[in-house]
Amino acid sequence: MNRTDWISLEKKVTEWIRDAGNKLRRSLSGSLDVHTKSAHNDLVTNMDKEIEQFLVRRIHKYYPGHQIISEEGFGDKPTDTEGILWLVDPIDGTINFVKQKCFFAISIGIYENGKGKAAYIYDVMNDGLFHCISGSGAYLNNKRLSPLKPVKVEDALIDLSSTWIKPNKRIDQDVLTDILLKCSGTRAYGAASIELAYVAAGLINAYFTMRLSPWDYGAGLILIHEVGGQTTRADGLPIDILSKSSILAAAPGLHQDMVRHIRSQVASGKFLREP
Ligand code: IPD
Ligand code: CA
Ligand code: CA
């Protein structure tokens, strides 16, 4: 697609996302239909499904040749990254949506032949739309985000879930200890797309997790690249956007320091397993 096509797409997506956001805000004053999926803390609501259907129908209507990977199963099942691929999470942070009624987002990342082209992360209750068309700058609503500057570990706010510092099957619980003792502080917000958008906005300096799906990270990666941040798997290797993956997203400098540290821990015998 050319630049004019992307601008016209942005106009549509922004409208759909704002409509979907209104539906979500309204739904919070009624009663939600909540079910568990793979585990007691893996929730899905009627609204996850409704919003995904709403978005998928529109994408299929206006862009019938495009492919969609989405969480609740209303999208397609692409096996490669050829053409245009949408990575859609109708509600990222469903636990927050159900329990806190805030801090959840609609996340849409769009790739052309495997390259990130456009990203939309709508923090619904803050009415904050993080967005970009690759090469044209990243924005929070109308405010352009500044390019990320190098950050030292000592000055960094690092976002990670407590899962990765207690016994678990994906990463030795001690791999990050030295970094976490040294850094300025840790944070965890429970909505990966917003956490990635916060890295892009410079509000936090790194986001680390051992397991996300393409719909969780698709948009966030594009936004972070647009402002000069770096994203890889935990071991520093490239992310395959069709797969579940660990994600290490950080400001320049900090990303290299964290990868170097993790690699040296693995070289000394600590384990790291991709999902
Ligand atoms: C989840 C959130 C959470 C992350 C989980 C995701 P969901 O997405 O992004 O922060 O830690 O791995 O599955 O299920 O609320 O869309
Ligand atoms: Ca998600
Ligand atoms: Ca979701």
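Using the three backbone atoms N, Cα and C, a Cβ is placed for every residue, glycine included.
Note that TrEMBL annotation is computational and uncurated.
Annotation note: ASP89 (Mg(2+) binding site) sits in a strand segment as assigned by DSSP. Counting only same-chain residues six or more apart in sequence, the Cβ atoms lying under 8 angstroms from the Cβ of ASP89 (Mg(2+) binding site) belong to SER70, GLU71, ALA105, ILE106, SER107, ILE108, SER193, TRP215, ASP216, GLY218. Annotated Mg(2+) binding site per TrEMBL: GLU71, ASP89, ILE91, ASP92, ASP216, in sequence order.
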Check: same-chain CB within 8 A of Mg(2+) site center, minus GLU71, ASP89, ILE91, ASP92, ASP216:
ASP48, VAL88, PRO90, GLY93, THR94, ALA105, SER107, ALA192, SER193, SER213, TRP215
Other CB atoms, at most 10 A from the CB of GLU71 (Mg(2+) binding site):
23
For the binding-site residues ASP92, ASP216, which Cβ has the most other Cβ atoms within 10 Å, all shown protein chains included?
ASP92
